Amino acid sequence: MKGEDDVNTAREDEEADGSGEKLLGFNSTEEQPSGPRGQDSMWRNEKYESVPLNVKETDEDHSRGIRDALYPQTALRKAHQENERPKDAKLWPYFQDGLRRIDYVLTYHVQMPQSTHKQSSKSCLCCRFKREPKIPPAHEDPELAAQEQRLDYHDDDQRLRREEFEENLREMGLEMEKEEGTKLPGVGFVKIHAPWDVLCREAEFMKLKMPTTKKYEVSQGSNIVEKVNMFMQKVTAPLQPKVGENQTENEKHLSYPFSREKQHLFDLSDRNSFFDSKTRSSIVYEILKRTKCTKAKFIMGISSLLGSGVYTEAYPLHDGDIDGVNAETNDRKILYEQWASYSIFYKYQPIGLVRKYFGEKVGLYFAWLGVYTQMLIPAAIVGVIVFLYGCATVDDNIPSMEVCDERNNITMCPMCDRACSYWKLVTACGTARASHLFDNAATVFFAIFMALWATMFMEHWKRRQMRLNYIWDMTSFEETEGKQKSQPRAEYEFHVMKKSLKKEQSPKAGNVKLTCRDRMPAYMTIIVMMIFLIFVTLAIVFGVVLYRVSIMTALHMSSTPTFRTNIRATVKTTAAIINLIIIIIMDEVYGAIARWLTIMEVPKTDKSFEERLIFKTFILKFANAFTPIVYLAFFRGRIIGRPGKYIYVMGSYRMEECAHAGCLMELCIQLCITMLGKQLIQNNLFEIGLPKLKKMLRQRKIDKNHQEELNRTLHRHEKDHFLGPFVGLNPEYMEMIIQFGMVTLFVASFPLAPLFALLNNVIEIRLDAKKFVTELRRPIAVRAKDIGIWYTLLRGISKVAVIVNAFVISFTSDFIPRLVYQHMYSPDGTLHGFVNHTLSYFNVSHFQPGTEPMQPMHLGYKVEVCRYKDYRDPPWSNTPYEFSREFWAILAARLAFVIIFQNVVMLMSDFVDWLIPDIPKDISIQIHKERNLVVELFMKQERGKKYRNTMGDPSPQPLRSRPSSQA
């Protein structure tokens, strides 16, 4: 060590003597310089091969921070000793030696000098730096020189931060290899490898449960249950993906949190596969998160360095290529063929392999999406049956037959002032018949069915989630989750640091934290902004209402016959499309604002940040999607007044009213266009088009002439650089939660909603799978036991759906008025005369001045009395135009139905919830059995240890010494 210290001291003196030489570090792919200088460079890089964990004062070059593999002969010798063949670095994510796996990649911006900007060879760049002294030109612009000096200072500052951060990573035991501008100009790569000792140390710290050598038999329950399971396996065999993960195993490895003191419990015969690629990358990420960089103002973690531009990207690598002649079999290729393909949409998902490759959190999302889609099948079938029932009974529906009967000759009051004239009720025949398709006796049954369906879905998912927890060894995850929850975010640490500096305390003071008083400005801003955005949503809905009113008046005043036909259908459809466009645009705006508000709030942990972000985003997007629908369902046509005394807004705009058959048809149109349009546009434009467009823009930075050549020669870390960054699962969950709301909240008005959702989700699963496998960088494997706050939101929506559907049936549809008329007012107990019973009389002489029709003789005769839909006394009664007794009787029936429906359905849902246990019985037995086996295993090891000590032959501990880093 003393000799090396002397050499390093001499080396530092040489670098400080102003010679202008700067070592950039050679990659193993470039030509090595010959002579003494080349030997000196090779000697200087040899120390980056491996770093012992117990050596803290390792002699390293602090000005460079570069580790390269310059001894392929040594690497090959180590591979021969371990009987391991080096991997091709172009096909697999490995260092240039082909032995050490790349567990993580950091990228940064490389400022290319103007004189060498067009050169991509790194060896030439090194030679140019070494041979050309930095002599300024004789005639140099002072302003340009000052600007270049500022840029150089900024680049040097970021370089120093990188060097310190990488130095700290080496002290943590990580090994690195650096590449600058080899194929991608302006991009530098830091490839990180975690040796065996680092993996063991971090696995013990993270309490990762790893499989032991002990196996036990997994019982399938009773003989009947086992036979049923075997029968179902044979039936569903053609639907299973061919990945080798879908077969039910009769044996299972006993898992236990990894410990270096108990390595004898685990099967370490193949260290290369003991920690899979997702586990290795997650371990490295945990190290990156907690490694400090003091030059970055005491900011901790890689996230702060990414935010300040020290590094531009940080990501783990995919396993390999998915297509091509040289593509070898890997988990990514298997997922691409057996999961991310539209041709196998009918097959089950390989959830086990998804979890193995992407981690538990992503695996739970796709498992939940699969359960949700599977449960939509019975809901879609029942919804289609309800719709077909409406189609089959439309010709026998008495109210619609009365509307379509021309012999009734019912004259209706104008639908707008001045421009609109009187009209015949028979012209609403088509709307009345179409409304019966969705407003019939089966609608009530379907609403009850969907409420129970939501409960069954939640219970089924809880049982499925518990089974996955057992299979994935996550049953005791909550015991180790506390440490991860308590780890502060880098932004929180930064604000705490600023607060401590204001108090003139030490930056390491542990008693300083952000209080409610510190966050009070942020809380007030959040409350004001959320209220303001809700009012913005209401204003948008009000604007669409004004559009409908004004367009309807304009079309009535038009002299073109084409415009005057189908006015109501034209206004409905165009307004629904406008609503759809506004919803899609405002979704993106609200998502960005919600993130900004959450960042302003400065949550302490990542879990708290995610939950607060989800809650804000859900409130805004839920209000954005459902406010127009709530207006159509519960407010339109109920605050309009009556003929002669209408309610006006903004001076002269009369509030719009529903058609004679009610607003249910318009609500159905709005739901249909919103569901189909939102799903099609978001799937095709946002989830397919935008990622491809971003990828094209990233690839345009490379010369087109070298594009094909680069595609053939790029390494794995360079190919993944062109993929899109993984932004989390929140957008995917949010899209499905909004869809779940549309399926359950207003299903009484649109029984085909489950069918549309099912068709969308069948495509959505494969679309998301293709996006995860081919379009996005590999996400960090995050351990998770459940879907988190999303389950709470689902539970809340399913409870609210019962109340909403009760109000839709009671107040939006004509189900209750028909029921009351049939049992209280009908002379023969049928619905004959129901249409006439729902219409009130108005004397046209009572119109307010200036509101009567401009063409009163439009129908060819003088109208003295017109009809309008309401329950009011006639003008010749003692209380003209006041609410009649029928109105109050129907209102009482509606409220009674809401109360009875809500309580009965919720009672049934709670009974189903109580009836179905959350944990399957066989899983509960296996968990208990596993705990007993762990105790037996330790007792057996202790007895064996005592026996060996008694015989005087203590067991050796071969894993005390540091193993090879080529794991």
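Cβ coordinates are placed from backbone N, Cα and C, and glycine is handled just like the others.
Whatever TrEMBL says is automated annotation, not expert-curated.
According to TrEMBL, the region 'Disordered' annotation covers 1-51, 946-967. Taken from TrEMBL, the feature compositional bias 'Basic and acidic residues' applies to 1-11. According to TrEMBL, the domain 'Anoctamin dimerisation' annotation covers 94-351. Sequence annotations record features per position, and here TrEMBL assigns domain 'Anoctamin transmembrane' to 354-930. Positions annotated as transmembrane segment by TrEMBL: 365-389, 441-458, 523-549, 569-593, 613-634, 736-759, 787-811. The feature compositional bias 'Low complexity' is assigned by TrEMBL to 958-967.
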- Would you call the transmembrane segment (736-759) and the transmembrane segment (441-458) in contact, using three or more Cβ pairs under 8 Å, pairs 6 or more apart in sequence? yes
- Chain residues in Cβ proximity to the transmembrane segment (787-811) (below 8 Å; excluding those fewer than six residues from its ends, i.e. six or more beyond): 364-365, 368, 443-444, 447, 450-451, 454-455, 457-458, 461, 465, 610-611, 614-615, 618, 633-634, 638, 664, 733, 737, 740-741, 744-749, 894-895, 897-898, 901-902, 905-906, 909
- Note on the structure: Lying 6 or more residues past either end of the transmembrane segment (613-634) yet within Cβ distance under 8 Å of it, the residues of that chain are 526, 530, 533-534, 537-538, 540-541, 544-545, 579, 583, 586-587, 590-591, 593-595, 597-598, 663, 666-667, 670-671, 674, 678, 730, 733-734, 737-738, 741-742, 745-746, 749, 789-790, 793, 807-808, 811-812
- Query: What else in the chain is close to the transmembrane segment (441-458), if you only count residues 6 or more beyond its ends and a Cβ gap under 8 Å?
  - Reply: 371-372, 375, 378-379, 382-383, 385-386, 389-390, 743-744, 747-749, 751, 754, 791, 794-795, 797-798, 801-802, 805-806, 808-809, 813, 815, 901, 905-906, 908-909, 912-913, 916
